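Following: one structure in structure tokens, then a few remarks.
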Amino acid sequence: MGTVFSRLFQSVLLVCPIKRVSIRLGSYGRCATQRYFQVLGNIHDIELNESLNSPQAIQALSFGQLSVILLWLAAYTFHIGWSGNFEAFIDNPLGVQPINHFVLDPHYSQYKVDTTIAALANHPIYHWLMTVGFTSNAQIYRFTLGLEITAAVMLVLSLAPSVGLLSMGGLEVVSWISICWAGHLVNFAPGAANLTNVVMEGPGSLGNLMNVLTFNGGIQLDTQALAVSDVAHHHVAIGIVGLWISALLRVSKYAWNFNTQSSYHLDLSLSLTVGGILTSLLAQQAYVYPALSYLPYDYLATTSLYVHHQYIGAFLATGGFVHGGIFLVRDYTLSNDLVGKLLATKATVISTLSWITLFLGFHATGLYMHNDAMAAFGVPQKQIIIEPVFAEFIQQVFFLGTPVYGLGSAAVSSTPTLSFLPIISGGDFLVHHAIALGLHTTVLVLIKGALDSQGSYLFPDKQSFGYGFACDGPGRGGTCDISTWDSFYLAFFWVNNTVAWFTYYFHWKVLSLWQSSTAVSDEDSLYLMGWFRDYLWQNCAALLSGYDSLGSNDLAVWAWAFLLAHLAWATGFMFLISWRGYWQELIDTVIYMHLKAQARFIGLAADVVTPVALSIVQARFIGLAHYVAGFILTYHAFVVGATS
């Protein structure tokens, strides 16, 4: 743990353009810019960075992370029991607004404390606690204690003797926990009593037992959520599939590893990619088939849950491609296996994806620009509106298949709070293809970066330069910005913007459904000005009037956060556009004046301060962090202001 904190402290110091000679330099040299570039370029070499020379030590890092996550969850649930209103919420889930915790900031007035407490509750934790059977704060405290004990167990598990045992045994443990959780839901969750009665009516009948574990419940009209039997069936299925996969892994001896040497980056790449896909699917399922009781009545929590999981899913999937590229650079030797065959056909893969993105880009943006021009020229009847025929056909298949799936009529009908199969329009057709453009472009950048990580027609010996490098000198023109790290850097902007597109679309769609104004959104989503005017600008109104010279309202804190996040987002562009040169001159000038005045700078003697500049990689990294964090926090405040 000390090594981890030491590395974290050094990384923080390395970001600063001022360094102290007394810092341990290692083999990276005296120049802070060079040292930071080397650390950043090798940050994924966990064996070197953390001085780890055994698989068990590397595996211990994962369990340490799980322990920290469990402790964070324990603190969260403790505060709900200590200063929340959970017991009042379960007595009247439709009339009581759940709160997070008290605000102890002395700068808040009592009025602002009261309004901010309610406004902060944009999460479904209360709904989950009620759905799984919690009925009192005392039970929440016991659950918190259980989380803390489990966190301690995670640290003990890091001492296991075999990584293979941890990997396969961990999958088995998760599978059995999933099956046991299904049993907990059937016996203790609200509404489970009728399920127990079904089994007890005919304990010797297999049919009665299967009735508990099928999709016969559907959406309940009172809670607007799936029946407990559906959720229990889901967890039983997950457990059985997990046990089956674990058995396959034991038999195959990790033969799925493409006959390559063991690679942590390959394992992590596959895990991140699958995890990203499942997380994105969960975002869709949480709205269409909500598993938490009364969640659809809470519009803000529903929207936040969707946006939260879409961002996590996109970032996990991006990380999967990144670690796949690191695997090819560091751990893979070209051979006639599955990976080698993929690399042999990379030109076909990259060119095909390129043509797809060009087709989507020209057609989707071209349609939007045409429709904007027609609306601006006063002839909106000349807009191109394409009927989503294929999507309508898919919806009809769902309706026809209702008896087969056994979902029940409530599952496929619109309600005041959710719509399983909403009516789609030409605007939906356009935005779906715009989202497809963003997704395919992101995948193109990531796949190209990974498949070209060992070498390309322009740069055949790229692998010898490592995962990240700046340029290979003027003698090899075009070798700048083509490392695998650079592809991740570019793709992260694309994936951030793509997630914004489909969260914008989801949010506007559900807002129009909740407000019964679908006709307006269907018409105005056909052109870009409609998106800006009727979604972004119109829904900013509540935040923009959060506080003024006459006072403030209950959204004032979020209006302030909206402004602050905008500033962080804009700061990102400053670093992205103005790289090494500007900061070099600025820092040199500042250091010169301090040395000339014989001043002490940040408590250090003048003779131990060396002026250095931000490298291109430094500025890109800092700019990307500001851009993404500012963008997400800006949208967070926007969702609260527009939905609440």
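For all residues, glycine too, the Cβ spot is worked out from N, Cα and C.
Annotation source Swiss-Prot lists transmembrane segment at 58-81 (among others), citing sequence analysis.
What Swiss-Prot lists as transmembrane segment is 140-160 (among others).
Look at Swiss-Prot and you will find 166-190 (among others) tagged as transmembrane segment, backed by sequence analysis.
Taken from Swiss-Prot, the feature transmembrane segment applies to 231-249 (among others), supported by sequence analysis.
Look at Swiss-Prot and you will find 264-287 (among others) tagged as transmembrane segment, backed by sequence analysis. Panel annotation: around the transmembrane segment (264-287), residues 44, 46, 58, 257-258, 295, 302, 305-310, 312-324, 326-327, 330-332, 418, 506, 510 of the same chain, lying at least six beyond its termini, place a Cβ under 8 Å from a Cβ of the stretch.
Among the features that Swiss-Prot reports, transmembrane segment is placed at 303-329 (among others), with the record citing sequence analysis.
The transmembrane segment annotation in Swiss-Prot covers 348-370 (among others) and is backed by sequence analysis. Within the chain, the transmembrane segment (348-370) has long-range Cβ neighbours (under 8 A, six or more residues past its boundaries) at 342, 383-384, 386, 430, 433-434, 436-437, 440-441, 443-444, 447-448, 451-452, 527-528.
Sequence annotations record features per position, and here Swiss-Prot assigns transmembrane segment to 429-447 (among others).
DSSP assigns Cys480 ([4Fe-4S] cluster binding site) to coil in the three-state reduction, placing it in neither a helix nor a strand. Around the Cβ of Cys480 ([4Fe-4S] cluster binding site), the number of neighbouring Cβ atoms within 10 Å comes to 15. Summarising the annotation, Swiss-Prot assigns [4Fe-4S] cluster binding site to Cys471, Cys480 and lists similarity to another entry as the type of evidence.
Residues annotated as transmembrane segment in Swiss-Prot, with sequence analysis given as evidence: 487-508 (among others). Remote same-chain partners of the transmembrane segment (487-508), defined as residues 6 or more beyond its termini with a Cβ less than 8 Å from a stretch Cβ, comprise 287, 303, 306-307, 310-311, 314-315, 317-318, 321-322, 325, 431, 434-435, 438-439, 441-442, 445-446, 448-450, 521, 525, 531, 535-536, 620, 624, 627-628, 631, 635, 639, 642-643.
Residues or ranges marked as transmembrane segment in Swiss-Prot (evidence: sequence analysis): 555-577 (among others).
Summarising the annotation, Swiss-Prot assigns chlorophyll a B1 binding site to His566 and lists similarity to another entry as the type of evidence. The C-beta environment of His566 (chlorophyll a B1 binding site), restricted to residues of the same chain at least 6 apart in sequence and closer than 8 Å, consists of Gly630, Thr634.
If you look up Swiss-Prot, you'll see Met574, Tyr582 marked as chlorophyll a B3 binding site, on the strength of similarity to another entry. Counting only residues at least six positions away in the same chain, the Cβ atoms of Gly623 sit under 8 Å from the Cβ of Met574 (chlorophyll a B3 binding site).
Annotated phylloquinone binding site per Swiss-Prot: Trp583, in sequence order.
Under 8 Å from some Cβ of the transmembrane segment (621-641) lie the Cβ atoms of residues 15, 40, 119, 122, 300, 303-304, 307, 311, 489, 492-493, 496, 500, 503, 507, 536, 539-540, 542-543, 546, 555, 558-559, 561-562, 564-576, 614, all in the same chain and six or more residues away from its ends. According to Swiss-Prot, the transmembrane segment annotation covers 621-641 (among others).
In the three-state DSSP reading, Met574 (chlorophyll a B3 binding site) counts as helix. When secondary structure is read from DSSP and collapsed to three states, His566 (chlorophyll a B1 binding site) falls in the helix class. Neighbour count (other Cβ atoms within 10 Å of the Cβ, all protein chains): 15 for Cys471 ([4Fe-4S] cluster binding site).
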